[in-house]
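So that you can see what the record holds, here are the features copied from Swiss-Prot:
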type   : residues : note
REPEAT : 252-286  : repeat 'PPR 3'
REPEAT : 322-356  : repeat 'PPR 5'
REPEAT : 357-391  : repeat 'PPR 6'
REPEAT : 427-460  : repeat 'PPR 8'
REPEAT : 531-565  : repeat 'PPR 11'
REPEAT : 566-600  : repeat 'PPR 12'
REPEAT : 601-635  : repeat 'PPR 13'
REPEAT : 671-705  : repeat 'PPR 15'
REPEAT : 724-758  : repeat 'PPR 16'
REPEAT : 759-794  : repeat 'PPR 17'
REPEAT : 830-864  : repeat 'PPR 19'
REPEAT : 865-899  : repeat 'PPR 20'
Amino acid sequence: MIRRIQPRCNSGLTGSVSAFEVLKKKFSTDVTVPSPVTRRQFCSVSPLLRNLPEEESDSMSVPHRLLSILSKPNWHKSPSLKSMVSAISPSHVSSLFSLDLDPKTALNFSHWISQNPRYKHSVYSYASLLTLLINNGYVGVVFKIRLLMIKSCDSVGDALYVLDLCRKMNKDERFELKYKLIIGCYNTLLNSLARFGLVDEMKQVYMEMLEDKVCPNIYTYNKMVNGYCKLGNVEEANQYVSKIVEAGLDPDFFTYTSLIMGYCQRKDLDSAFKVFNEMPLKGCRRNEVAYTHLIHGLCVARRIDEAMDLFVKMKDDECFPTVRTYTVLIKSLCGSERKSEALNLVKEMEETGIKPNIHTYTVLIDSLCSQCKFEKARELLGQMLEKGLMPNVITYNALINGYCKRGMIEDAVDVVELMESRKLSPNTRTYNELIKGYCKSNVHKAMGVLNKMLERKVLPDVVTYNSLIDGQCRSGNFDSAYRLLSLMNDRGLVPDQWTYTSMIDSLCKSKRVEEACDLFDSLEQKGVNPNVVMYTALIDGYCKAGKVDEAHLMLEKMLSKNCLPNSLTFNALIHGLCADGKLKEATLLEEKMVKIGLQPTVSTDTILIHRLLKDGDFDHAYSRFQQMLSSGTKPDAHTYTTFIQTYCREGRLLDAEDMMAKMRENGVSPDLFTYSSLIKGYGDLGQTNFAFDVLKRMRDTGCEPSQHTFLSLIKHLLEMKYGKQKGSEPELCAMSNMMEFDTVVELLEKMVEHSVTPNAKSYEKLILGICEVGNLRVAEKVFDHMQRNEGISPSELVFNALLSCCCKLKKHNEAAKVVDDMICVGHLPQLESCKVLICGLYKKGEKERGTSVFQNLLQCGYYEDELAWKIIIDGVGKQGLVEAFYELFNVMEKNGCKFSSQTYSLLIEGPPDST
């Protein structure tokens, strides 16, 4: 469940000031202060700090309280200081140093607070301290603080900020060379830039060193070599190796290990081994780092056995594996399904006295999660804590990712809460995992996670928006997907192939092929190269729309653009031809596929078998099936189900059961469609007892029935009671009219008779099915029976099914009550139903009830932009309910909702044209 976050201040349009814009203004003001030492005032960093996010609304009260405490003697013994120390943040310290504080006290306090294990200075707190010290004429200690500031960089932004500040100090003539950068400072700065891969900035700093006539040393050159090698740019790195020799210096082990790393980054292992083998010849001992780089390179290339051989040879070279060496191998073995070998290495590691570190444990936890061994993963997390190792964000993310991939979102949320309870903040990756997980079942909850990200000032990235766009598209919310695309652009994020692939694929699946084609045609102008997935989606879309000729033209266009089709592309066309009854052409296309070097897949055979069976050509269909087996192409559940469905349709249940037996013999598990086909087959023959036997087999194998399975069983029970219905009335409508609660009770009793005890999932699917056919009266009775007689609490899916059914039947008061009940138990109502409900209430003149429902939705943690999109713009706005549009907009503003600039503009423009 998405928990409600406190409403934010509404500022209408939102925006941010670029860090670079702020940096440009950094030293724009001079203030001269009289002093016994001749000096000029150094500009405060406070303008920059004002643009940084504050951690608390009362962040300025903390610095003033600190100033009051520090102005007294023996301040370090103050009980008030000790009571507030855990709440002091770097932003508070930055603000404190910008106040009228004695510089010596500031230095002492800086040292005192840094002794607190929970506190870490930021580059901004150090910058504020530097400003204070420089303005008071300090020199020697400034060099020390500047080095500490450089070393404290935690991000690219920090590194660029520090670089700009150091340049200002270095070039400001007012300081009369007192604060010029010396070799140690230059090297530390290079090291900081190298950590974040800022090689262009490193090169500029190197050139500035030369301009300042500061002579580079071996450490300088090695940092340059290492910086380029981290990015795999060995050519540029080798230029600095040449400079080492030109300077009369000798490359050392750091130089060579960097080169080995660089070649491994480029996957040029031959060159890496060449450097490795030359090291002893150059009088340079090969160390553990060199070995580990090579072992890592071999592992990345999936040459794990060679990596293990090199690992064994380390001891012959009097080198001993480090924790990183072991971890690299353990990770690779885990990723190659060689987990027993990985565990043996962990055991060997501990026996040799090398303790696994956080990264080692993270690798093992990730591996256990990939095997769905979550209990063992949690045990390992506990072991870490017992051994005094504090899991980091990456460790928790491994668990969160594992849970989300298996649809266990609530467990993932529990891990996030555990992580936060240990003073670790979720990062972009954490939220991205949650968003991906929620998108599989409830995109509105995923949007709520985006809301939380923005609240906490965690920046969404391309992956965030791609996942949300994909989720909205899969839910059929294309308007929301397009708006997210615009928001993405507004935030300076560039949509990539994945963004558009998802949209094009979903549009095609929703039979909006022309719209998908228009989007596809716009990609060249956007600088995005169409890929095989996009072409395949369009080809499949045209085929499913019965436009096989257009699909062929798209294939030709694909080939003309040198985009090679894959087996999925051909399968889409073969399926289109088969659906059109053109089996001969489909077979010829299969032959063409083989000629260009693409082997037919299981899906290819299954598509052709399906057509043969549809044409009644059982012999050729079975012959192709046998060819699959003899050629080593293993038929899948879909292949077997194709036969079973056809046999059931023909009333040949013995043949269907025979195919089920073959399926099990060949190690293929029947799926939902397989069992449902058999249930329908027996039901159509009036053999309902056999149908319930199949339901029992289904449950025993762990395959949960769907709502359609239960509808099928209800249909057969009704047919036994009333006979088969004839006439023009659609089957679902007929079932809805005939179904009574007694029929559902009979179904439940039959389930118990056949040892299929109804559980929460059974009731959930049953209610979903009954709501789908529009029988709200029976659905409500089953809903009550489930709670009162079985003690089962309704799931969010059940509530939303009832809500949707109420809305479709225009029972708005009942729908409003369902919304109230959902919110009361912490469930999230589907926005599409809420849109229909609120519009319905306003149209009936019940605007107070409509406003009340909307007010309640604001407390649920939805992404506020999405609420505005779905309810106000696409709901009451497009329905021509102008008064409701402005009323609901006003409600959001009064509740402190904060919109993106794009959404705010749409709201200001007023209701869109009515449709």
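Note that Cβ sites are derived from N, Cα and C of the backbone, with glycine treated the same way.
Given the structure is predicted, the values throughout are model-derived calculations rather than measurements.
Counting residues of the repeat 'PPR 6' (357-391) by DSSP class, helix then strand then coil, yields 26 helix, 0 strand, 9 coil.
Tertiary proximity for the repeat 'PPR 3' (252-286) is limited to same-chain residues at least six positions away from its ends with a CB under 8 Å from its CB atoms, namely 218, 221-222, 225-226, 228-234, 237-238, 241, 244, 293-294, 296-298, 300-301, 303, 317, 319. Packing against the repeat 'PPR 15' (671-705) from elsewhere in the chain are residues 637-638, 640-641, 644-645, 647-649, 651, 653, 656-657, 660, 663, 712-713, 715-717, 719-720, 750-751, 753-756, 761-762, 765: each is 6 or more residues past its ends and has a CB under 8 Å from a CB in it. Remark: secondary structure over the repeat 'PPR 12' (566-600) totals 26 helix, 0 strand, 9 coil, with classes taken from DSSP. Here the repeat 'PPR 8' (427-460) has, by DSSP, the following mix of helix, strand and coil residues: 25 helix, 0 strand, 9 coil. Over the repeat 'PPR 17' (759-794), the average per-residue pLDDT in this prediction is 93.
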